[in-house]
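**Q** First the structure, which I've put down as structure tokens, then a few questions once you've had a look.
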């Protein structure tokens, strides 16, 4: 059924309907445009959310990235970021395929509709003009007929009037004849005009307007089909990205399944295992019995001849040095790998600092070297440490892992330099055989540079291997000690204590001083600066034998249990107390400390 046949008299209805269809097309374009804005905003918010929760530092420097739960979370964020990219793709496809193309199509349809309705209005105007001409000719024919009839009646009346002259009668008859002729011409003109109008009207209603209506119908149907196809683009665009979105969601499921609690527990152990042994049992200290102190030349406040202090009896708690500081030896022995020289090589012990004879100068020197004492040995863990090249500031297990990682990195760099050197040598051989390709001498600096890098890396690898062997021995020693505490005897070290020749070479003996003066100075200030607790702050075991021959030091035997009185302040010495009595400094590297 066609509009031209069924709606031949509904010109205004067709005009309103086609205008409504164009408005609906524009409304849909606007809807899709706002839909794309929603998709873009959604994708932007998703990307912002992903960026907010991504780690700020690189994965290589982030220890948390080794946990499966963190890796899965990063994978979820990555999948969500890909999901946001698919939402952006949906917005882009809708913008190009719907908004732009449909808006352009709408403009073309509007121009076509305008042309068809202009043609229809022009045909209507022509038909109306023909109708007006028909009406005019009809009215003229009617008027001429009345005039002719009137003229005929006038001529007939004069012809019957006896008083009328013959001339008047002839004139009236002639006038009636003219009017009759004019009425005949008007009749013919009216008939011709009527015939023309009927022909034009039939052409208008049966040919011209049906063609225009059919064109408008075809235009509207094409517009409707295009709009329906555009409706389908919404779902088709979604379906195009659904496989990738499905992969993103599947990736999130895989990430969720990849969370491994056991593995994360092992990773945590690997990241933070210190390698220290567990603390042993706390020794019972019987304070009900008077504590005996072994007299030594390094004990201040006690005369060297062992006579009692004239000020009164010796107190049970050990003597403290002024400002919480004892006279520490200048440099502790430096440990070396097991299997070094025997202990007899260290008979002289570490060197001791030189004291001045002036008591005031001595006190000034002591007060300048005062270090604040921390309340507990546990605070040593939270105190900032200075990073060293051999990672000795780290716990044994972490130090071993760091050194192993450094060895692997140096090994890769070494292999890279070796490969580069081999490539340069081959290139040099090619240049020597084919001089036109290049100058062999130009490669010598680069070959020398790679050779220097190789030597440097080999030295670094050797250095790190030495440190790694030391760290592994330390870890093994801690493990054996831990086993010994739980029912297995400890394995003694296979070598002697480290060599201290580097320290004894610069050893300076303290000049003789007045014992009475030094003793009185220390005892005078002892009461004012005695702020340290008399209780031990930890427990330690002697790993090596040490002869405390220097001033301020104390002797200890291998495997001897000692009470920790003061932690290492960073100079390599630790103050301990023997169970038999006596207190002094020993090298920190000779001890295995148990934190309390």
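Placement of Cβ uses the backbone N, Cα and C atoms for every residue, glycine included.
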**Q** Which one of these stretches, 381-419, 420-458, 537-575, shows up in TrEMBL as region 'Disordered'?
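**A** Based on what TrEMBL states, region 'Disordered' spans 381-419.
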**Q** Which one of these stretches, 58-116, 117-175, shows up in TrEMBL as coiled coil?
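**A** Result: 117-175 is the stretch TrEMBL calls coiled coil.
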**Q** Quick test of the contact rule: Cβ under 8 Å, at least six residues beyond the ends. What residues does that give for the region 'Disordered' (381-419)?
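**A** Beyond its ends, the region 'Disordered' (381-419) has Cβ neighbours at 270, 272-276, 374, 450, 453-454, 457-458, 460-461, 464-465, 467-468, 471-472, 474-475, 478, 595.
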**Q** Restricting to the domain 'SH3' (535-596), what is the model's mean pLDDT?
**A** 84
